[in-house]
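What Swiss-Prot annotates here:
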type	residues	note
BINDING	Arg40, Arg46	NADP(+) binding site
BINDING	Arg129, Ala130, Ser131, Gln250, Ala251, Gly301, Lys316, Pro317, Ile318, Ser319, Thr320, Arg342	FMN binding site
Amino acid sequence: MLRFSTAGESHGESLIALVSGMPAGVPIDQDFVNRELWRRQQGYGRGGRMRIEQDTAHFLSGVRHGKTIGSPIAMEIENRDWKNWTEILPVETGDASKHKAVASPRPGHADLAGALKYDFAEARYVLERASARESTARVAAGAVAKSLLLELGIDVASHVVRVGNVEMERTATWAEIAALRELDEVMLGCVDAETEARMKAEVDRALLTKDTIGGVFEVVVHGAPAGIGTYANWDERLDGVLAQAVMSLQAVKAVEIGRGVTAAASMGSDVHDAIGYAAELPEGAHTRFTRERNNAGGIEGGISNGEDVVVRGYLKPISTLRQPLASVRFDTREETKAAYERSDVCVVPAAGVAAEAMVALAFGRLLLEKFGGDSLRELKRNYDGYLEQIRRF
């Protein structure tokens, strides 16, 4: 089974990503992994931390001579800001006067709930692990999963469809979405220039008012065949697995598959995707069964149906505010303002990149459970045999 875990704190020495269950023989390009980490750091409205960190992954195990070797893959991403925190967050007992307490919890963050759960006197240790800095390690792990999927002709990309009250009013093509990854300068990750300009104005408004702003990103899995996931068991349904994966990201408060939200207010005849059959296999398709639209988001009955898999994540505004909301001090219980920690104003494009990683890891897990294989060659034999089967159906 393809699994991953992460370790590390926001201002600790480094972050660790551990990926296990990866078949042997999968090519790993370190430049590709580092490019994914770079993409996560981009976007208009990011904070000062992104000017400090220049994330790169150092492979500790599991990859030799540019390929996976079947053993767990460990990666380390250095926190360059660590040098400023060595006395604040020492491993050994340190000078208490240098500790930087989070004395008043921030509404919307894990501060209060985490301090109550783990019996902390204040929220510093909660912040350190709950921070979205952890998603850096997820992106590194996701880059490994993407490398596997790409060997099978399956690609994963994202774009931003909404920031604040500005929403893109048309459907993006796969070519437009994929092209965003090639840009060397990222604004807000929207494929429509006019819409992106209005999105930027929304971020500027939040900057001027010392506020934060959320939005919606869309992740697309392109090139996947029908048959990933199952209706047979509740915890193996593809939509459920993807929703949990994306929902686990910091600040994501809702997940949508296909036209999930508006479908609830529509008639069935306007929602469901009629089925056709082509005389010849359409270019890029795995079967002759066709759809003229994709309201289902590529998933029916918990199983991929051969169309692009489309997942949207709804991101709340970042909870650290430069004009803090009312809170209460942990030590005195007196009313005060919430703590402020250096933060971003808008992270929707970066969250989309992190969601790509989670979707790739989740999709890769179900794919390996279906086709198996201790090596890439074995996996490809199994996969190619299945593709031939559904082509002939």
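Heads up, residue numbers simply count up from 1 along the chain you see.
Cβ atoms are placed via backbone N, Cα and C, with glycine included.
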To see if you understand the setup: which same-chain residues, six or more apart in sequence, place their Cβ under 8 Å from that of Ala251 (FMN binding site)?
Ala132, Gly214, Leu315, Lys316, Ile318, Ser319, Val347, Ala351
Residues that sit under 8 angstroms from Thr320 (FMN binding site) by C-beta distance, when 6+ apart in the chain:
Arg106, His109, Thr212, Tyr340, Glu341, Ser343
Please report the distance from the Cα of Arg129 (FMN binding site) to the Cα of Arg40 (NADP(+) binding site), rounded to the nearest angstrom.
18
Which Cβ among the binding-site residues (Arg40, Arg129) has the fewest C-beta neighbours inside 10 Å?
Arg129
Three states by DSSP: which one describes Ala251 (FMN binding site)?
coil
Measuring CB to CB from Ser131 (FMN binding site), give everything in the same chain under 8 Å that is also at least six residues away in sequence.
Glu9, Ser10, Gln250
Give the maximum pairwise CA distance in Å, whole number, for the residues Arg129, Ala130, Ser131, Gln250, Ala251, Gly301, Lys316, Pro317, Ile318, Ser319, Thr320, Arg342 listed as binding FMN.
44
Please identify which of Arg46, Lys316 has the densest Cβ environment, defined as other Cβ atoms within 10 Å, among these binding-site residues.
Arg46
